[in-house]
């Protein structure tokens, strides 16, 4: 298992290299001279030339790229053009809220979507099934910000059960932390829950047709044991896969959700950086998200081997 | 004494093309410790009969009617909970496909333990010990290692042994074996049959053996029931049935068995086949169900269904001309 994980980490290196190359090229793909872009509108030609030299933009592309990668490997993501702060420090500050939002959304999704999908498959064709799948289509078709504003209006403004917006770090206590994340997590999780519930239902429907389910029934097992142990473990591979893929969905959705609920996370930082054309920050964030995604994929592969003993690498 | 008494069992399925009468008015009994074989070709309702006994038919689209009395209780009147307490405990089942009947993602040990923990109230430790004993009993070498393995690490024969271990773990009174050897190599078939017989003697269970393999029937059954198109057409002790089959269908089945070495002894004949096909069970059948394929069928057969009649000692058959048929054979 350990050698598999090591091999997989080595295998992700080329992927990360291509991502890094693409991220680095952002500056060059963007219209205009990078130095002019960085210097801003009011810069004099001398300023632009100074920036060009200080950033090494006059040197060949590959040498610049090499230097950039070298600095990243040493933990230096560069300096924000706008705030003059190190990019790594800016990301570090914003990581907590986003990570919290993602983890709460992920747990909420698994806790809600998987049981819903299982019940829908068990009662396939019944009213319960149709209601659950109806909600899934509904959840899928509503944009995050619509759900977000609706939830905030009902549960925060009208009922006053939960705060309207903002973020409290976990260090100030579990409930204050969680209460700020419930509505954003539901808003962000809607599409994700719909997706996972649908896949769970489809995977379960197929598994429930299998001979070993009949064996489990013939052994006198109860419905719960059949569904959640004998069937769900067999259906787990596609479910785990879609949960993993969905994390990409979360990364995109977090940007909008953080804006709606005024959460000072990476999503907000991303928007701010794009609006200010703060290229080093944009590069840092994109690189981080890609890295997280590659890591998630690695985790999915490891989870496969845990749920299905036939999968060995 | 009868352990199981099935009376007028009807298992029908609603299908888009009409009601499929997969089992239509079948009655039989099984005595304690007895081995009853149910034979017939594919689609004759023998598997549906066995699944009905366990109430494993999905309802709807299926519907089971009649009565199934097991040890004094009518299984069709039990609640789901009461029925679960019987499945795998008093009545257990071995299926045809050992390759797919075990759960691929759970260890062999867990799959044996489960039934012990549900029905016997054993804790995990005790169940594990018992599971290892069961694996030893069914002749699996290195049971302590095998108990932690997954089905894909075992051969087909080994998996069927595991299925038998699961089925017998709780000392059932009745074991239903649905074509237990069909999917196995011939050499393994003999081993599995022998194992079933040994264990049956040890546990004292009655067996319902569902098969289309008449060699297997001759080997282990005491009584045979022949099914055709969802009905029982003949029933007799095994020796009696092989000696003088009365129903033309049974005669056809026996004629369709190749005899090994017959070409050497000069007694080789062309392998007899039964012409035609099983009737569509979604359409009502008037007259004898076998009339359409029977060489002896007359207008009487096509109009009036024959009832089951005594044709010999403990021997019944549903044929207007059964006595004649026996002479002809």
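All residue numbers here begin at 1 and follow the chain in the order shown.
Backbone N, Cα and C atoms are what each Cβ position is placed from, and that goes for glycine too.
Annotation source TrEMBL lists domain 'ABC transmembrane type-1' at A:95-304.
Residues 37, 61, 64-65, 68-69, 72, 277, 279, 282-283, 286-287, 290-291, 294, 297-298 of the same chain lie 6 or more positions beyond the ends of the transmembrane segment (A:9-30) yet place their CB under 8 Å from a CB of it. Summarising the annotation, TrEMBL assigns transmembrane segment to A:9-30 (among others).
Counting same-chain residues at least six beyond the ends of the transmembrane segment (A:99-122), those with a Cβ under 8 angstroms from any Cβ of the stretch are 128-129, 132-133, 136, 167, 170, 177-178, 181-182, 184-186, 188-189, 192-205, 208, 223, 227-228, 231-232, 239, 243, 246-247, 250-251, 254, 257-258, 263, 265. The transmembrane segment annotation in TrEMBL covers A:99-122 (among others).
Residues 116, 163-165, 183-184, 186-188, 190-191, 193-195, 197-198, 253, 256-257, 259-261 of the same chain lie 6+ residues outside the transmembrane segment (A:134-157) yet bring a C-beta within less than 8 angstroms of a C-beta in it. Per TrEMBL, transmembrane segment is recorded for A:134-157 (among others).
If you look up TrEMBL, you'll see A:177-197 (among others) marked as transmembrane segment.
Taken from TrEMBL, the feature transmembrane segment applies to A:235-261 (among others).
The transmembrane segment annotation in TrEMBL covers A:281-307 (among others).
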State the non-local partners of the transmembrane segment (A:177-197) in its own chain: residues 6+ outside its ends, Cβ under 8 Å from one of its Cβ atoms. 100-101, 104-105, 108-110, 112-114, 116-117, 120, 132-133, 135-140, 142, 144-145, 147-148, 151-152, 155-156, 162-163, 165-170, 239, 242-243, 246, 249-250, 253-254, 257-258, 260-261, 263
